[in-house]
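A.B. asks: Reproduced below are the annotations present in TrEMBL:
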REGION    369-400  region 'Disordered'
DOMAIN    444-780  domain 'USP'
BINDING   Asp832, Glu834, Asp941, Asp994  divalent metal cation binding site
REGION    1048-1071  region 'Disordered'
Amino acid sequence: MLLFRLHWHLTPTKNFYGLGASKVGLLLTLVPIFENIPVTVVNDRGVISLAARSLHFSIRRGLAQWNIKHAGFQNLSGFAYTNRGTSEILVGGSQSSMFTVNVDRGTVIGEYSTEDDIKVMKRNPRAIVYGTGKGDVKLLDMNTFKVVREFPQAHGSTISDLDTQGNTILTCGYSPRQGTYHLDTLVKVYDLRTNRALAPVGFPSGAAFVRMHPKLSAAAIVASQAGQIQVVDIENPAAIKLYHANVTSYITAIELAPSGDALALMDADGYLQLWGSPDKLRFTELMNPVEWPEPLVLPNVAIKDDSPLNSIGMPYYRDVLLSAWPPHEIFNVNKMPQKIDADILAASATKTGYAPYHKRTPRYCIESTKHTDPPGAVPKFLSQQAKDKGSRNSGDFDDGKLLYGDESRRQFEVPPVFRKVEIKYSKFGVDDFDFEFYNKTRFSGLETHISNSYMNPLLQMYKFTPLLRNLALHHTATACTKDDCMLCQMGFLFDMLDKANGQNCQATNFLKTFSSLPTADRHGVLEEDSSSGELLSSMIQSLNRFLLDQISMDQRTWQNDSRALEEAITIGATKSQRCNICGKESRPLGDTNVTDMIYPPKHSKPVQSFSALVKQSIQMDTVQKGWCDKCQRYQQQAMRKLVRRLPKIMVFNATTNEKSLTYVREHWSTPGWLPDEIGVLVTNGQLSVYQGEDLIIMRERCENLVTFDLVGFVAEITPEEKRNTHLISFVNVAFSSTDRTEESTWHIFNDFLVTPVRKEDALDFAPKWKMPSVICFQARDPSNAIDNSWRNHLDTSLLYIDYSFGYGYSERECKSLEQHEEPKPGTLVALDAEFVSMQNEETEVKADGSRSVVRPSRLGLARVSVLRGGGVDEGVAFLDDYIITREPVVDFLTEFSGIHVGDLDPSTSKHALVPLKVAYKRLWLLLNLGCVFVGHGLLKDFRIINIHVPKEQVVDTVDLFVLRSSQRKLSLRFLAWVVLREEIQLDTHDSIEDSYTALRLYKKYLEYSDAGVLEPMLNNIQIEGMKTGFKPPPRGFLAEHRTDTPSIVQEGRSEANTPQPRGGVPKWLGA
């Protein structure tokens, strides 16, 4: 990018290799540029540069003043100053909005919609001119930023360049010819005074760049990419002068100096050419000084072989360190005054400097500002506990003080149980973390080291809403194979949480599928796309609305417009809209899945009840401006909803923001304001809501009254220092219990921290750090109970069909299941999976040089093989799926996985490729059919696959052949060598080979157990392992020393496959 500056006459450039250059006089200096910058402008204070998704301002030395990354910045391509001079700019591009930015503050101050694909933008004294991707030229009013004039179809396709000066606009661009796009041979000229086109200027080489002379109003410079330059008089196109720049590639940018005496050209090879008349080409003599960085002066230190390190000064310090200050210059100072509570300041503002006493402590006491965490708040790693003989630590979350902290400060200080919890990583990874310390219930928590895990509390609330859980699992049991079906993923997650029975889980597959939804990015519900200042409560409320809409659409799409889920969560209503002037009334549909709470005006007394607020929020009885077709203008209109149908689940968004938080808190902080049940009655479209004693009376009088119970809510926890703000959920788990009782059992779900809580504490919103975001009620109805009948209606067709993509996969060691091989409870199957690395481990180096893991590496499923565990085809695979992977793979781990580059790409792979959901659903079906999985190291495989298999359905050879004395776990390769006398994994890993080996090891284990020689065999394995370091011998060793397995004769029976120990090590082990 080329620029001339009037005062500095500085020429910053951007070349093909990503380097910038600055020319002062004849001096050329290279400076690095770290981002592709399409537009750059210099003002008196510094440089403004525009990238596709950001806007940057820095001073002349390069120091950044501000950098803006806005959610609306999608593909910016140009900007121009507005009528406010250099203090405001308008930015636009290939997107649906333009934005005004205050240059002084570095903030976005306005947004304006546009339908144009803006390619070039310039400022004219009268208006802002821009060219579009369709070849149009349009002028914007600099006050309203609306199009006031346009010249349609200046070129057949996109605008390449334009320039404007005075009353003239020059444009060049592309037009389609012979099936492709070429630069036009005409430069279009427009006169703003007459609002018409003038005679175009011919340029046979194809005009790519155009500039108007700053002093000669009729002179223009046109250039092609090949280097041809033409100086033309637009009033007399016949008067031209031709020049040619000698370039080896093609020209990428041109710029004309403000004086008009110099022309700069940049080519693709990074060369800068400066054109001009030698007697006129000069830079300003009274230029502003350039701000160069101060040179770093390093001391000269002579280092010899015998020089002590303390004489070198590593690192070198010019000033005296604080630790070396003399004692007479060190003084004790008083502690900074404690910050006044925000609630006290807010109360004093309305009472002329006085505020009510906060009543935290008696008036004759003062608060202790010293804060110490209670001991034992962080558990030891499991490996440390093993060394300390199982001693976890001194504290536990069952302790009341750890749960609720100091009672005197509870209203203002977040107790430990409500604080944000984080996973700590040792050298053994996340498996070494003691999750049981945080959860001793039978309800599983969700881990937090995954992107977008902020939605964990909302998912937990959904899971404990019986009807929503039932509908999700019934849908998952169908044959749905839609890749991005969130309802299926929700069913998978709910089933995993049920089966985990208190063990920690992770929503990896759910969050991965959710992040891939194209609509999720537009709704601002992804953590990576949200602005840093956005409240978590706003994000979770947007997510709540988005998820409920999405799963409703998923069910309609799959099950022939089924509306079972929609009817369960949607309030059927008709919106009544009547003009107050002419009286015209319209009634559009007003169905909603989520109701936003509408609060009364500020500080209204007395505080409305929750039931009154619910009625007002659903009916929306308001007066606001709207378009009236009869009056043909915006008029005051009375709006109200007429309710047609009540759902079985009602979900509310608390809809609070920082501005209204203070007076909204007055409602929630009222003791008992949120009831645990409400009654709703619909009569002729009119809604009535009752609570408390009114509900008891109306329940006896009216049979049509529907009672809704509070299932739970998601609350935002905001500490006093405003850091570590996070979300937790409070759920009454009694509604999702199979042995349904009337007693409420409230639990806190703080990610992987799960613990019971009293109902009074759950519904207490007096603490200022606690504020609800999403609230869920369900109708008291027999259908709102746990229904596990989906297990009897599993669609297992996916197990019998060859659902795969790719081409050329001919040599498959796989035979599909047949109907007579239908899996049943107890059916034995062998399983092994291979993985690739999707994300490297993130570590940080501490001041002492030690490393700590910030985020562990992330593996993705690449291949899964399932073999028959019995029958005629025992050991034959019936599933061998390679997983289609569309996200980048960091490392294929070929040595350990057997996966090569291209194996997971449908366009190049020669294997049977299936989507991740299909492979996962096949395993999920086998799990719910009651199959028993045999494998080696299955616990880690199941964790990465993101499925939980109960212990009674897992046979892990790692645990079968564990050495009793040292608890050492042996590798599959070593066990195959020492037990089966076979060599495996010679070149790489193969999931079919590994799963078949594990199956044979299990069969051997059963033989040893039946023969009563299991313990002696384990001792023999340990002796042999100690000889070889528990590693198999070099390749080919078995072929040279192979011996047959001796038979065993005991009481007249022979077992040829089971060796019998005689006097220590058997002969076949090489003793």
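Cβ coordinates are placed from backbone N, Cα and C, and glycine is handled just like the others.
Unlike curated entries, TrEMBL annotations are predicted automatically.
Worth saying up front: this structure is predicted, and the values here are computed from it rather than measured.
Help me see these features in their spatial surroundings.
C.D. replies: When other Cβ atoms within 10 Å of the Cβ of Asp941 (divalent metal cation binding site) are tallied across all protein chains shown, the result is 22.
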A.B. asks: Give the sequence-ordered set of same-chain residues, not counting Asp832, Glu834, Asp941, Asp994, with Cβ within 8 Å of the centre of the Cβ atoms defining the divalent metal cation site.
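C.D. replies: Leaving out the recorded residues gives Leu831, Ala833, Arg863, Val864, Ser865, Gly935, His936, Gly937, His989, Ser991, Ser995.
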A.B. asks: Enter the number of other CB atoms within 10 angstroms of the CB of Asp832 (divalent metal cation binding site).
C.D. replies: 28
A.B. asks: Could you please provide the mean pLDDT value for the domain 'USP' (444-780)?
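C.D. replies: Averaged over the domain 'USP' (444-780), the predicted model reaches a pLDDT of 87.
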A.B. asks: Counting only residues 6+ away in sequence within the same chain, which have a CB under 8 Å from the CB of Asp994 (divalent metal cation binding site)?
C.D. replies: Asp832, Gly935, His936, Leu972, Ile984, Gln985
